[in-house]
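Visitor: Take this structure first; my questions come after.
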Amino acid sequence: MAVSASVAAGDEDWVLPSEVEVLESIYLDELQVVKGNGRSSPWEIYITLHPATAEDQDSQYVCFTLVLQVPTQYPHEVPQISIRNPRGLSDEQIHKISQALSHVAEAGLGTAMLYELIEKGKEILTDNNIPHGQCVICLYGFQEKEAFTKTPCYHYFRCHCLARYIQHMEHELQAQGREREQERQHAAPEQAVGVQCPVCREPLVYDLASLKAAPEPQQPMELYQPDAESLRQQEERKRLYQRQQERGGIIDLEAERNRYFISLQQPPAPLEPESAIDVSRGSHQPSTLATKPSTTSATHTALSVSLPLASQYTCEKTPGAGPHLPKLGETQKAVLDPRRASRGPWRQPERRHLKGGECNTLKGTSDTQKLQSPEGPLKESMDLKPESHNQGGKGPPQDKGPGEWQGPPPRRTRDCAHWERAKNRTPASSYPRLPRGRGAYRPGPRREPVSLESEDGS
């Protein structure tokens, strides 16, 4: 009970609530109070101050908002003073006003001082009711007896400068309006935007005729003349620009736009035809094949490209008296002739029996494998046409020396009249079925070569 009685007695001795009521009755709506929770939190008082001009708002060129944060120990403790939203005042003037109000608060410590602080701020604004700074349009300071105007957002301009700015902005807005009408003929009309303040972009309320009637400012027109330091900096920047341009550091917008531009007016230059190799006549020289393996490989690559994939098979010859003799020498590879287009769709070739050698395809090799030059003496190229029985068997074919190279064999067509049927087979008989994977035709995207075996080896 004693504690509550002391608290009640302290609230009665606190003068802040009664002083705030007096201030609200004097300044009415100009004063805003944020009350705390009794004496446990400070109160805040906001008021916007203007010069005393007998309610002539057009003559009020400066203003600011005074914020007083009253502590719980007021009036025995000085309130915290801050100035917000100053208009027409320089930083130096704002600092001087803050110091003057602090001196007033310290002088009235222990008594009610809020009213004195507010009136001191108004007095300072009345004494400094001249906008400080420069016209943001012409960047010249304000002089006495000059015609200048104040916007509702408390920004200041010379009347002549503001009139020229308004005329320019009106022409710009009209041009933008015509462009919008052409682009959006069927779109909903947008709300027109008037001339805005060049500082804060607030809408301006103006009388263009009265602004144009104001006298022009008597400021001297100073011509710009660069000094030696400015000229030196210009030369340095010029050299830097040229250096960046030489190294590709400057982006040319026009060149970038036409970077991927393709002109259809000029026809493209005709391409030079590549040297075609006559495969049918065997134009590659045997001497080059024997002496320069690298050239032979390049020629074989060109032949492999020009031939169809299905016809790029290799033929392996084993010289000897018969198929039962061991293989002699190195394997010689040659490219078989392609199928002619006049024979229609391709069919699986029948197995033919050769005398004196066998023709097999290398398993596991690609169609475009590289031709390997023989290490030993070159062998005679294989002739797929078997010898006639009328001539009689004269033993195995004789190998020719390196100097007896006769060139590649003449190209032959697959004429069935030159092939003989096996002696132990009749026209009605069929060949025995081979095991899976040995010469059987398998339809697929890649055509497997057919292996040819001798008569005794079948």
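Heads up, the Cβ atoms here are built off N, Cα and C, so glycines get one too.
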Visitor: Out of CYS161, CYS197, CYS200, which is the one Swiss-Prot records at the Zn(2+) 1 site of CYS135, CYS138?
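Guide: As annotated by Swiss-Prot, CYS135, CYS138 share the Zn(2+) 1 site with CYS161, chosen from CYS161, CYS197, CYS200.
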Visitor: Just to confirm: which same-chain residues, 6+ apart in sequence, have a Cβ under 8 Å from the Cβ of CYS135 (Zn(2+) 1 binding site)?
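Guide: For CYS135 (Zn(2+) 1 binding site), the qualifying residues are GLY141, PHE142, PHE148, TYR156, PHE157, ARG158, CYS161.
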Visitor: Kindly report the helix/strand/coil residue split of the zinc finger (135-201) according to DSSP, in that order.
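Guide: Result for the zinc finger (135-201), in helix, strand, coil order: 25 helix, 8 strand, 34 coil.
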Visitor: So of CYS138, CYS161, which of the binding-site residues has the fewest other Cβ atoms within 10 Å around its own Cβ?
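Guide: The binding-site residues CYS138, CYS161 were compared, and CYS138 has the fewest Cβ atoms within 10 Å.
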Visitor: Which are the residues of the chain, CYS135, CYS138, CYS161 excluded, whose CB is within 8 A of where the CB atoms of the Zn(2+) 1 site average out, their centroid?
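Guide: For the Zn(2+) 1 site, the extra neighbours are GLN134, VAL136, ILE137, LEU139, TYR140, PHE157, ARG158, HIS160, LEU162, PRO217.
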